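Notes for the one structure printed next.
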Amino acid sequence: MRAELNQGLIDFLKASPTPFHATASLARRLEAAGYRRLDERDAWHTETGGRYYVTRNDSSLIAIRLGRRSPLESGFRLVGAHTDSPCLRVKPNPEIARNGFLQLGVEVYGGALFAPWFDRDLSLAGRVTFRANGKLESRLVDFRKAIAVIPNLAIHLNRAANEGWPINAQNELPPIIAQLAPGEAADFRLLLDEQLLREHGITADVVLDYELSFYDTQSAAVVGLNDEFIAGARLDNLLSCHAGLEALLNAEGDENCILVCTDHEEVGSCSHCGADGPFLEQVLRRLLPEGDAFSRAIQRSLLVSADNAHGVHPNYADRHDANHGPALNGGPVIKINSNQRYATNSETAGFFRHLCQDSEVPVQSFVTRSDMGCGSTIGPITASQVGVRTVDIGLPTFAMHSIRELAGSHDLAHLVKVLGAFYASSELP
């Protein structure tokens, strides 16, 4: 099972270079499992025992498995994750012609580690909006092949390179995509015209706009002398999206189960399709009668907010509290912060520990050092937006927000197992 789950994750990562592609990948799996797509613009007619999903902005998704008992009686079991990862996004007018090379201006999305982006074989993917035959359309594109690189400056020309040299995002991150002939002009939108024709057989009248991100073409892989690790891009947080989907599709029981995968977590979640927007609440309200039904159902519900945790790096062990250092392959991590950077409380943490013990899954705890700041997740945002009790958890990871992250190869199976137990649980605290 472990090898199969890990290969499924590797395939999912390869098919999901952007939040748009990740959402499309999740939707394909759901449809193959018999889930029916709902359109927010239409009236919904859901049924007891029904399987549904809904997307927003092509980059966020909510999957719904309705049980036999009413949510007013048993509540919802929700698992939350996010589809976005730090990256470099192409600017609207990106062409930079310098010294005979064509580069594309990029904007940094989220809290990316810059240095790992250098000397990588980069490709480009995302969503393009265009007009064809007088009609406005959007399509996902993925160049797939390596079309760009950000070369490092040789150490002979930068002797301070290994002494904490700061990287200027404006000047040093624009990738090189081509060498220009003397007098040659470049139009990035013409490249998108060609890609639309190549990938979709569409001849666009004009490309109107796009949301495109560079990504590393190197596939994720199982690594380590004994295959102990998984290395790959976007493990934060497609690892949790994949685990939540596997748990939902394979969970036993007959409860009301929800998987929420939202965009824009890395930039604060404040959007119409992010966790700090109305997406989840609006969907849940449409599954319930009017009046006080929503409040009653939510108070019987629980959210597991799944987002990667910081594992103890052997070279930097002092960056962790000595008693709260999660180990790779040590199982899911319960995240705790007294200042509500995580939404975990004693009741929700105790329930998650109970699930892990019953499932024979190891479990760990993370609290940041008292002299360091703490990141956050969709957990507190969703808890405050919807009013649902929440536990923040995640799998331990190295190099979070790098172009290539590292997680334990045993931990995915641990997480899928305990999330499956959560979905199947007939009683919540």
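Heads up, the Cβ atoms here are built off N, Cα and C, so glycines get one too.
Per Swiss-Prot, the features are as follows:
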BINDING   His82, His156, His401  Zn(2+) binding site
Original post:
Which of the three DSSP-derived classes (helix, strand, coil) applies to His401 (Zn(2+) binding site)?
Top reply: coil
**OP:** Quick one: give me the count of other CB atoms within 10 A of the CB of His401 (Zn(2+) binding site).
**Re:** 18
Original post:
Taking the Cβ of His82 (Zn(2+) binding site) as the centre, how many other Cβ atoms fall within a 10 Å radius?
Top reply: 29
Original post:
When a 10 Å sphere is centred on the Cβ of His156 (Zn(2+) binding site), how many other Cβ atoms does it contain?
Top reply: 7
